[in-house]
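Asks: Pasting a structure here, questions to come.
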Amino acid sequence: MERSEEAREQEDDKAVLVDGVYQRGPKMSNSDQQVSNGFTTTTTTTTSAAQSTREGQGSGAGSGGPAPGLGHSASVPVGGFRTLVVQQTSLERPRETWSKKMDFLLSVIGYAVDLGNVWRFPYICYQNGGGAFLLPYLLMAVFGGVPLFYMELALGQFHRSGCISIWKHICPIFKGIGFAICIIALYIAFYYNTIMAWALYYLLSSFRPVLPWTTCTNSWNTGNCKSYIWNDRNVTWSNSTTSPAQEFYTRHVLQVHRSDGLHHLGSVSWQLALCLLFIFTIVYFSIWKGVKTSGKVVWVTATFPYLVLLVLLIRGATLPGAWRGVVFYLKPDWQKLLSTPVWIDAAAQIFFSLGPGFGVLLAFASYNPFHNNCYKDALVTSSVNCLTSFLSGFVIFTVLGYMAEMRQQDVDAVAKDAGPSLLFIIYAEAIANMPAATFFAIIFFLMIIMLGLDSTFAGLEGVITAMLDEFPHLLAKRREWFVFGLVCVCYLGALSTLTYGGAYVVKLFEEYATGPAVITVVLLEVIAVSWFYGTNRFCNDVYTMLGFYPGWFWRICWVAICPCFLLFIIISFLASPPDVKLFHYHYPPWTTVLGYCIGVSSFICVPAYMVYYLLNAKGTFKQVHLFISFINPDYTIVVNIFKYRCWTELM
């Protein structure tokens, strides 16, 4: 940490002894006021004394100063009293910080901009009215996604804690939210990195003059395979026809034809197992030392995808039929806005794109300087994320228009695939028919890998930060070993996704393990912060950091709009469970039960910890029943004050 930052941090941790009363606070104010971490600010006269003492001492923290852990004090007369100002120095290890501000910004952008921006947004956009979909998307972003994004950055930066230990400052009984977030992050690591292993397999297969998914003469091809090139009008395309790219993906990379479904997954593909091992090796050596190392890696992994997107956009715009794809992408269908599923898709897309509730934003912000402008960071990074999604639509649909022109079909017939199939079949096939196909294949699959790596770095860092902050004496000096063990657990957990039926497992995790569980967790999080901790109290914390209060727009969003936004998504999901299908495999009914069990397995941590907390709370059952012991972490609030705060937050 630089000298100026040390001085500022020491200023934020002043401890003041006034007339025998020990009080402390991260920043002095003009009135007695309690801040979120339980510390208490002092009066105006005390503040003046502290400031005059600091001016007289100069920059003690930055030039010389006391020995670490010893502190220093000065006696200052104030009126008829004598005020003793004590410089508090922590004996704990100083918290790691980002080397540069850009390390933080690129890490957040790399986390938010992931594979979903490339394959999910374009598909949802054209499916829900094209350009008309941008209206509900932007409304959901402004009133739902960005306020949640801002809230998590501010919480993490103020409390400087991960997603588990932060609840001792906010509302201890909700600590189970942190454990649920960690379990959800593990589920994501089990299947998300497998997609990067597929991309790595494609990348290694691209280093040859003729790409293997361009011909039908390979050992894995069937009689339905039909190869074609531009200007070859003798090739006719039907619904039963399969392309070389489709058979390469399904029969050679995934080998799903060797599995009967989730009840018979088959053996582990050793090629994919090696690819995944290489991916996790990169992940380990990128995060094992903390944000000091991962902050440097993202300079490559977060910027390279934008360079590739720009190259692919220019190339796609010059392809025959590209205009057909762009028109199909942006042509508005305003009647779609009258359909409820369009608004549901918009809300879900912006939520999962920005990514609040996964513990990552809390972890990343906790390594910021205390007075960093997280408000500006939230606006910048969320705007970059949304613009990237919009740009990716042009990259995808210029190529889809080219494919439609080449197959002599409509664009909607070509764009029927969503998810990974859009990248590994449709886009890979288009690249194979371009000039310089090898070059474009290499940079495209490198981009896919780097988009995935950023999100994996962030997701695991959220878990690591949470566990290290919760168990500092056990894990603080053993970070490298803990990260190694975590990576090994993620690799072992991903083995089921490397089987011949592994794609079915990936789809199951994607549909059930993260969606409803994480949305419910975030709903409880925003309720705990806005209603139990208090919006006024949270806004005071923001003022302490940034020097200004959040406006009424943000307060209304946190108190009312964001909970309704999240509740809307949850109810919509429960009202219409997804009809899960992959290729020609329809998921049987028992997989729905299995999926809900996977989702509940993480969320169950929240009520389980509440019960544990109540059983171990001190005091009589009546005191516990009155919510005295866990509404306020200082254990000093009384029921009447609690009721008053609830009503004032509502007003």
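Every residue gets a Cβ built from N, Cα and C, even glycine.
In case it's useful when we look at the structure, here is the feature table from TrEMBL:
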- GLY110, ALA112, VAL113, ASN117, SER353, ASN385, LEU451, ASP454, SER455: Na(+) binding site (BINDING)
- 1-16: compositional bias 'Basic and acidic residues' (COMPBIAS)
- 28-39: compositional bias 'Polar residues' (COMPBIAS)
- 1-69: region 'Disordered' (REGION)
- 104-122: transmembrane segment (TRANSMEM)
- 134-155: transmembrane segment (TRANSMEM)
- 176-204: transmembrane segment (TRANSMEM)
- 268-285: transmembrane segment (TRANSMEM)
- 297-323: transmembrane segment (TRANSMEM)
- 343-367: transmembrane segment (TRANSMEM)
- 379-404: transmembrane segment (TRANSMEM)
- 424-451: transmembrane segment (TRANSMEM)
- 481-506: transmembrane segment (TRANSMEM)
- 512-533: transmembrane segment (TRANSMEM)
- 553-573: transmembrane segment (TRANSMEM)
- 593-615: transmembrane segment (TRANSMEM)
Asks: What are the other residues, in sequence order, whose C-beta lies within 8 angstroms of the center of the C-beta atoms of GLY110, ALA112, VAL113, ASN117, SER353, ASN385, LEU451, ASP454, SER455 at the Na(+) site?
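Replies: These residues sit around the Na(+) site: ILE109, TYR111, ASP114, GLY116, GLY355, THR388.
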Asks: Where's the emptiest Cβ shell within 10 Å among the binding-site residues SER353, SER455?
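Replies: SER353, out of the binding-site residues SER353, SER455, has the fewest neighbouring Cβ atoms within 10 Å.
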Asks: At a threshold of under 8 Å on Cβ distances, which of 268-285, 297-323, 379-404, 424-451, 553-573 pairs most often with the transmembrane segment (481-506)?
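Replies: The stretch with the most contacts is 268-285.
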Asks: Same chain only, sequence gap of 6 or more: which residues have a CB within under 8 Å of the CB of LEU451 (Na(+) binding site)?
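Replies: VAL113, ASP114, LEU115, ASN117, VAL118, PRO305 - these are the non-local Cβ neighbours of LEU451 (Na(+) binding site), listed in sequence order.
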Asks: Are there 3 or more C-beta pairs under 8 Å linking the transmembrane segment (424-451) with the transmembrane segment (297-323), counting only pairs at least 6 apart in sequence?
Replies: yes
Asks: Do the transmembrane segment (104-122) and the transmembrane segment (379-404) share at least 3 Cβ pairs under 8 Å, sequence separation 6 or more?
Replies: yes
Asks: May I ask which of the stretches 268-285, 343-367, 424-451 has the most CB pairs under 8 A with the transmembrane segment (553-573)?
Replies: 343-367
Asks: Considering only Cβ pairs within less than 8 angstroms, which of the stretches 134-155, 176-204, 268-285, 343-367, 593-615 has the most against the transmembrane segment (424-451)?
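Replies: So the stretch in question is 176-204.
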Asks: Does the transmembrane segment (593-615) come close to the transmembrane segment (134-155), meaning at least 3 CB pairs under 8 Å for residues 6 or more apart?
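Replies: These two stretches do not touch.
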Asks: Are there residues of the same chain, six or more positions away from GLY110 (Na(+) binding site), whose CB falls under 8 angstroms from its CB, and which are they?
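Replies: Set apart from GLY110 (Na(+) binding site) by at least 6 residues yet with Cβ under 8 Å, we have VAL298, THR301, ALA302, ASP454, SER455, PHE457, ALA458.
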Asks: For the transmembrane segment (593-615), find every same-chain residue at least 6 residues outside the stretch whose CB is under 8 Å from a CB in it, and list them.
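Replies: For the transmembrane segment (593-615), the nonlocal Cβ contacts are 172-177, 179-180, 183-184, 187, 262, 508-509, 511-513, 515-517, 520-521, 524, 580, 624, 630.
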